[in-house]
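Here is the structure we will look at.
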Amino acid sequence: MVDFPTRFDVIVIGGGHAGTEAALAAARMGVKTLLLTHNVETLGQMSCNPAIGGIGKSHLVKEIDALGGAMAEATDKGGIQFRILNSRKGPAVRATRAQADRVLYKAAIRHTLENQPNLWIFQQACDDLIVEQDQVRGVVTQMGLRFHADNVVLTTGTFLGGLIHIGLENYSGGRAGDPPSIALARRLRELPLRVGRLKTGTPPRIDGRSVVFSVMTEQPGDTPIPVMSFLGSKEQHPEQVSCWITHTNARTHEIIAANLDRSPMYSGVIEGIGPRYCPSIEDKIHRFADKESHQVFLEPEGLTTHELYPNGISTSLPFDVQLQIVRSIRGMENAHIVRPGYAIEYDFFDPRDLKYSLETKVIGGLFFAGQINGTTGYEEAGAQGLLAGANAALRAQGKDSWCPRRDEAYIGVLVDDLITLGTQEPYRMFTSRAEYRLILREDNADLRLTEKGRELGLVDDRRWAAFEAKREGIEREEQRLKSTWVRPNTPQGEAIAERFGTPLTHEYNLLNLLSRPEIDYASLVEITGDAVDNPQVAEQVEIRTKYAGYIDRQQEEIARLRASEDTRLPVDIDYLGISGLSKEIQNKLNQARPETLGQASRIPGVTPAAISLLLIHLKKRASGRQLEQSA
């Protein structure tokens, strides 16, 4: 074996969405970082659907962006269609979604990586970890080259023991065209960590030249075109294109039902559990037998290819059945399949064996992020990657770890759910998972997180200057609206009265008027003049004003709960010795080893009464130690 001459502070294994964000985060924080990938050409590759964002997911993308990450800016540079989902609903559940050109997105990520100071990239698969006395010391590559670092972030995606299924045939692979990580999977199974198998899948890709779009429903992007990054602008976007909607039908369902015995999922060949919220088409037909059709979205893969991604018909059925399925769908009667769909099974590790920092509890300096933790989705992976990379850097600097709370970020919700509850199926983020979603909107991710990102060293001068200008702009505009008055029987007063449908009875300041449901910011400044030129400032002023009462109530609730949420539980606490706790709860707490009282309260089966007993125990323990010190 040969030792690489440079010693690193942090090594990141894997160049997908988790790995790239992890490596960039650590390097931005000033530590010497190595990104080890099996193929430099696939850095930032979108292995599944060509899209970023969506319900719950865009909140994560905006939080990554607020902390200086790359995903949102790469989306603005590679996005070929942008839409706001839930635009008619409240701001808490609105979400930005973008179709991305695979080539442009990947190029944007690679450009960011290659221009990041403190970051080295090396092409080699990782086969082994160097571990000494329960502390990671480095990694060993496929060719026996040893890289040394006391902090290693594993972001292996679907590569650990990856097994690809098409019909009843299967073969080893990390994804189509890439080898799996067999040696590393074997090495990780030797560690005292709980391991399981999960499964995900992808649909066949279609040649757009063989599709009849005229019989489908066109789905254009939104106008005006949204942006994903807080620093983004629509001028960055390439050419914008439409998606197309068609549907499965009775014939499609008959074909699938007649061939379920050839499905690896239904014949017992696949052991791993698939994603509940992104089921295969055979799973949909089986689980929702009463439905006569299912939507299929034809999504362009890019501007320089004819390939289409038929979102909604992920499948692992044999190729001959896939061809029948595709050609049974309206508009695709003569479609040509460019690549077959497939399912992939892979190893994941129980995230309950992780700390909030995403460091494993049993091996110091070893961090996990992405699908290795049981999640699904680029956005979930990127969020974990950024957090793991930042905490690996903090550890290298001898500083305390950091993780946002559930009331601070969707990243906090994601991590808390994973390490407290674990997961038996691929975990996907939804806004419904957050208790405080009115506070955790996608539009205010920067106001929630950028200041902390700056403190950690994640946020550069360009982003910080833009953030400060926005924050000051919001305060200035709110103050202006508060101090500007409209009186009855004036031209402005009459215009406002006409909008309300009733005369003004007394004078109002503009902030009071904006809080009324009948008027929005654009209409208000149309009447009174002096609009701000930053649309993000205008958006924040309007949301904060209209939802002030609800936001204040949620903030009060958060303040009440924060005391118990932040109460740390000692690492050496003996739950078996706490009288009053049932054996079941003692065992649950002993196994989970929660870090805070708040986390303990979310463990299934741990009752409010048990939390009260824990609090009493902590107070007794603290007073006992004070007596010892005074004696």
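Backbone N, Cα and C atoms are what each Cβ position is placed from, and that goes for glycine too.
The following features are taken from Swiss-Prot:
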BINDING   Gly14, Gly15, Gly16, His17, Ala18, Gly19  FAD binding site
BINDING   274-288  NAD(+) binding site
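Sequence features annotated in Swiss-Prot and their locations in the structure.
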residue	record	DSSP (3 states)
Gly14	FAD binding site	coil
Gly19	FAD binding site	helix
Cys278	NAD(+) binding site	coil
Lys284	NAD(+) binding site	helix
| Whole-number Å distance between the CA of Ser280 (NAD(+) binding site) and the CA of Gly16 (FAD binding site)? | 23
| Sparsest-packed among the binding-site residues, when each Cβ's other Cβ atoms within 10 Å are tallied, from Gly14, Gly15, Gly16, Gly19, Gly274 | Gly274
| If the FAD site is taken as the center of the Cβ atoms of Gly14, Gly15, Gly16, His17, Ala18, Gly19, which further residues of that chain fall within 8 Å of it by their Cβ? | Val12, Thr20, Glu21, Ala22, Thr37, Gly44, Thr155, Gly157, Gly370, Ala381, Gly385
| Cβ atoms near Cys278 (NAD(+) binding site) (within 10 Å, other residues, all chains) | 19
| request: Using C-alpha positions only, work out which of the binding-site residues Gly14, Gly16, Gly19 is nearest to Arg276 (NAD(+) binding site). | output: Gly16
| task | Name, in the order they occur in the sequence, the residues of the same chain whose CB lies under 8 A from the CB of His286 (NAD(+) binding site) and which sit 6 or more residues away. | result | Leu260, Tyr266
| request: Would you mind ranking the binding-site residues His17, Arg276, Lys284 by how many other Cβ atoms sit within 10 Å of each Cβ and giving me the lowest? | output: Arg276
| field | Rounded distance in angstrom between the Cα atoms of Gly16 (FAD binding site) and Lys284 (NAD(+) binding site) | value | 29
| Counting across all protein chains shown, how many other Cβ atoms sit within 10 Å of the Cβ of Phe288 (NAD(+) binding site)? | 12
| note | Cβ-Cβ distance under 8 Å, sequence separation of 6 or more, same chain as Glu282 (NAD(+) binding site); the residues meeting this, in order, are Ile256, Leu260, Ser263, Met265, Tyr266, Thr315, Ser316, Leu317
| task | With an 8 Å cut-off on Cβ-Cβ distance and a minimum sequence separation of at least 6, pull the same-chain contacts of Ala18 (FAD binding site), or say none. | result | Thr155, Gly157, Ala369, Gly370, Gln371, Ala381, Gly382, Gln384, Gly385, Ala388
| said: Just to be sure I understand the packing, how many Cβ atoms besides its own are within 10 Å of the Cβ of Ser280 (NAD(+) binding site)? | reply: 26
| request: Work out how many Å separate Phe288 (NAD(+) binding site) and Gly15 (FAD binding site) at their Cα atoms, rounded off. | output: 37
| message | Here's one to test understanding: among the binding-site residues Gly14, Gly15, His17, Gly19, whose C-alpha is closest in space to the C-alpha of Cys278 (NAD(+) binding site)? | response | His17
| field | Alpha-carbon distance [Gly274 (NAD(+) binding site); Gly14 (FAD binding site)] in Å | value | 22
